[in-house]
Structures are given as C-alpha cells and as structure tokens.
Amino acid sequence: MSDYKSILNKIHGTIKASSDKGKVADYIPELSKIDINKLGIALLDNEKNSYSVGDAQEKFSIQSISKVLLLSLAFSKIGDALWERMDVEPSGDPFNHLSLLELENGIPRNPLINAGAIVVCDILLEHLEHPKADFINYIRAISGDNTIDYDLNVADSEKKTGFGNYAAANLIKSYGNLNHDVDSVLDFYFHSCSVAMNCEQLVKVFYIFMNRGNCLQENNYLNVSQVKRINAIMLTCGFYDEAGEFAFEVGLPGKSGVGGGIVALLPNQFCVATWSPGLNEKGNSKLGMLALEQLTTQTGLSIF
Ligand code: DON
C-alpha cells in the first residue's frame, strides 16, 4: 500500500516552492480576492483513511466542480433521458464557448461545460421541489457534512458579471432546450457554482464516484453503470480543452473549477482533491495539475 502521508507531504513541499503559480480568475470579481499562495491537498482512501496537507481545511469556491454534482443528481432522478438534452462528447473548446452550441442546435456537447450544466439546472428545476435547498442537502447527505453551504457573495458576484452565461442560456432557450425562464435557471446555476468547500470536504463528497455509487454514509444513490458513465465524462470532459493533457499527465477522471480546486479519483482506491487558486491559460489550476501528476507518478497508480 502507498505511503500517502509522506508522498503528499513531499509533493506539497516541492510544489509550494514553484515560482510560476498561474493567475487567479478575475472575471468573477469575488474570486480575484483569493491569495494565490494557498495550497492544500487531501486524500481519502477506500478504507476511509484520510490524509491532508497545507491549506486543506480552508474553504474555497468549487465553481465548475459542482457540475459533476448537478449531473449526478439529475442522472439519479431521470436516468438516460438526460442524454436527449445533451451529448457526451468532449468539446475541445473552452468551458464558456458558444460556437458549438449554435452549430449543434442548442444541444450542449456534454454536461460539464457551462452550457451543459445550464441544461442540467433546467432539468433539476423540474424534478426538485426546492432546487437550491435540495441540491445543497444532497451534497450534505452524500458527504455526511452539514456545514457545506453556498457562498452568497460569490453567487451574487457572478450573477452581476455572468454575461456569457446569459448569452448561452438565451441561445439554448432559442433552440427550445430550456423549459424554464433564463433568470430562474441561471439563479440556480450561479448558486451551484458558488458552493464553498475545503479539500477535506471535497474528497468526502466525491467518495461516491470512487465507491461505485455508495456514498461515505453507506447509502446508494447511483448504480454502477451510472457511476461508470459519470467517471467517463469526467475523464473526457472534466478539463475542457485540456482533458487530453490531464489524462496524459495524471491519468484519472476528475474535475476542475476556476476557484482553483481539482478533484480526481481512482475507482475503488482513492479520491484526492487539490486547491491552488492560480490557473493556467485553459482555466485549470496550474499547481493542482502538477501535484496530481506527481501523485500518480510517485504512487504508480492511475486508471491506466
Ligand atoms: O460559469 C462560470 O464561468 C463559472 N461559474 C464556472 C467556470 C468554471 O469553473 C470552469 N472551470 N474550470
């Protein structure tokens, strides 16, 4: 068995010293205030042993990582009917691009780009009685952590500046692929992106995708086939136009967010989360990717 504790300490020490940390996202004003020097890593293994280092207990905005959680909740509600509203192909485009949406008649390429998550939010508005409360309660239930919550300042900040998402939602609506009004869908979408968690909480939430649909609390929400599909989508679409590079360097399904978080997992083995707010030019955490590359290289463990 790998000595995760000393491997994580070693990686943290090496990475912390990097001079090029990338650039903090500033298109959502509230995110630009974050200290670029933060660095946390947490790992939870299949025997529920947890390891963490650095700023792993400090909360940050999970942003697009929440798209996996939206997807899993919608998938558990409506099953394969989901794929009538969106595709499962990598986009090869940045997360916020609109061009493919127009070419493909308002059917988003996959659920992990902004357009796809907006359609998932529309579906959830139909199937949840109290969408915002039910979504956060789902996250709390699968992790057993009732302290996880929305960051309303971040939600508000994005609502005021999210013009690209308004454009995407309007375009999707014009093709008839949104049933609710744009404002209600985006209000839910912006809230979902604003969920704040630390690395230790993220691995508890994502344990369900590492553990065949059984969450940390031993309850089953997704069947094995659904988890296979969600992990496949994370591998092929979780890092937008850098999904190939992430698979090449790290070799795990995972998901990033512009708050600087990344969560990744090796099915039946471990779930790992990193937080370093500086992003590379593709919008993925620069040092987070490096840390995960070192983890799979030093342990010799990846899906390949
Ligand atoms: O909609 C947005 O642009 C953000 N709330 C989320 C983008 C994001 O995290 C992309 N991930 N790397």
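Cβ coordinates come from backbone N, Cα and C, glycine included.
According to TrEMBL:
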- Ser64, Asn114, Glu158, Asn165, Tyr189, Tyr240, Val258: substrate binding site (BINDING)
Cβ under 6 Å from ligand 1: qualifying binding-site residues of Ser64, Asn114, Asn165, Tyr189, Val258: Ser64, Asn114, Asn165, Val258
List of residues, in chain order, with Cβ under 8 A from that of Glu158 (substrate binding site) and at least 6 apart: Ile28, Glu30, Asn165, Phe190, Cys193, Ser194
Among Tyr189, Tyr240, which are binding-site residues, the residue with the most C-beta atoms within 10 angstroms of its C-beta: Tyr189
Same-chain residues at least 6 apart in sequence whose Cβ lies under 8 Å from Asn114 (substrate binding site): Ser64, Phe95, Asn96, Gly164, Asn165, Ala168
Binding-site residues: Ser64, Asn165 - member with fewest neighbouring CB atoms within 10 Å: Asn165
Largest separation between Cα atoms (Å) of residues that the record links to substrate, namely Ser64, Asn114, Glu158, Asn165, Tyr189, Tyr240, Val258: 20
